[in-house]
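Only one structure is covered here, and it is reproduced in the block below.
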Amino acid sequence: MTRVSCQQWGTVPGLGRVDLWVLESPQVKVEVLTLGAIIRSVFSRGKNGQMEDVVLGFDDLEGYLSDKRYLGAVVGRVANRIAGGRFVVDGKEYQLETNNGPNAIHGGVKGFNKALWLATEVQGGVQLSLSSPDGDQGYPGEVQVCVIYTLQGETLTAEYQARSNRTTPINITNHSYFNLAGQAAADVYDHQVSICAQSFLPVDETSIPTGETRAVQGTPFDLRDPVLIGARLKELPGPGFDHNFCLSFPSDPWMERHAARVCHPASGRVLEVSTSQPGVQFYTANFLDGSVQGKGGTKYRKHGAFCLETQNWPDAVNQASFPDCLLRPGEEYHHVTRFTFTTI
């Protein structure tokens with residue numbers, strides 16, 4: 001059985017009250033905020049029976065309101081990068097505000113991560129709903145979005161649904177930063193990762209996919225068998241992983257697939273991720289620099305966590321060979337991602 005409870009956590013001036021929802025099973029405890037549909041914490045058990053918070057975050061609301069790293073948040077309307085912040089839908093060009101060098105990222109300056117979501121209890125979890133108006137952050141169409149978090153035993157499920165009254169690009173994910181040693185641990189070099197992908201997307205100097213789908217074989221991006229993150233980062237050009245791994249292709253049917261597994265041998269904690277999404281962005285927190293002070297005063301540093309952002313391929317709205325990211329009137333956007341926390 002999962003216990004579900006709710007308490008007020010703070011107030012955002014001009015927006016309203018923020019609630020903290022707690023989902024608790026015998027194995028895992030999850031905290032969710034109505035601000036940004038943020039996963040504030042996940043407590044999971046190590047092999048010694050010790051419960052540890054494995055998600056980076058903040059002790060208070062102010063931390064999340066000023067956060068620019070999307071800690072724990074649902075990001076949208078379009079997660080990841082759009083080249084030049086530009087795209088064309090139904091013959092009309094849209095120009096978004098650029099908030100990541102020359103590109104737009106994660107839905108804009110005030111994307112879904114800064115919105116207050118309406119929460120209602122569901123069996124074993126919480127449903128969070130949001131109405132994104134026409135023109136929100138420059139995107140066309142009014143979109144009704146719903147994220148349902150449910151906890152069953154060791155598995156946290158995130159289910160995403162959306163409808164729009166005009167054609168719009170959409171790509172929703174959760175941007176939790178994990179460290180299986182505990183959120184206060186210095187780095188993730190001693191974690192082992194494997195990702196079930198035969199190919200990945202090379203990127204240009206601004207992290208936009210070049211359009212090529214490249215086989216992982218013979219490259220540092222071959223994570224099909226478990227590798228130590230620290231050792232593999234040394235083989236990688238650039239600051240670290242921030243790349244899309246291809247889990248499925250445009251011709252493949254909608255289905256849930258095993259995506260990734262991360263193991264921390266010292267604590268025995270394991271995170272397994274499955275998803276219906278065609279890609280997962282593996283990110284090794286390359287841009288945390290110690291300036292962000294998180295829970296308990298912890299300074300979050302480079303490579304202090306990893307993200308497994310299940311999503312469509314980046315810049316899909318501008319790349320015809322990528323999976324379709326357009327949501328049209330009368331259609332439903334629907335994806336599922338499951339995070340399972342176990343021990344070895």
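Along the chain as shown, residues are numbered 1 onward.
Cβ atoms are placed via backbone N, Cα and C, with glycine included.
Sequence annotations record features per position, and here TrEMBL assigns active site, proton donor to His175. Long-range Cβ neighbours of His175 (active site, proton donor) (same chain, at least 6 residues apart, Cβ-Cβ under 8 Å): Tyr70, Leu71, Gly72, Ala73, Val74, Val75, Ala79, His106, Asn113, Cys307, Glu309.
Annotation source TrEMBL lists active site, proton acceptor at Glu309.
The beta-D-galactose binding site annotation in TrEMBL covers Asn80, Arg81, His175, Ser176, Tyr177, Asp242. Counting every protein chain shown, the Cβ of Tyr177 (beta-D-galactose binding site) has 25 other Cβ atoms within 10 Å.
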With the beta-D-galactose site defined by the record as Asn80, Arg81, His175, Ser176, Tyr177, Asp242, how many Å span the farthest pair of C-alpha atoms?
18
List the residues of the same chain that sit at least 6 positions away from Ser176 (beta-D-galactose binding site) in sequence and have their Cβ under 8 Å from its Cβ, in sequence order, or write 'none'.
Ile39, Val42, Val55, Leu56, Leu71, Gly72, Cys307
Can you give me the same-chain residues 6 or more apart in sequence from Asp242 (beta-D-galactose binding site) with a CB-CB distance under 8 Å?
Val203, Ser207, Gln281, Phe282, Tyr283, Thr284, Asn286
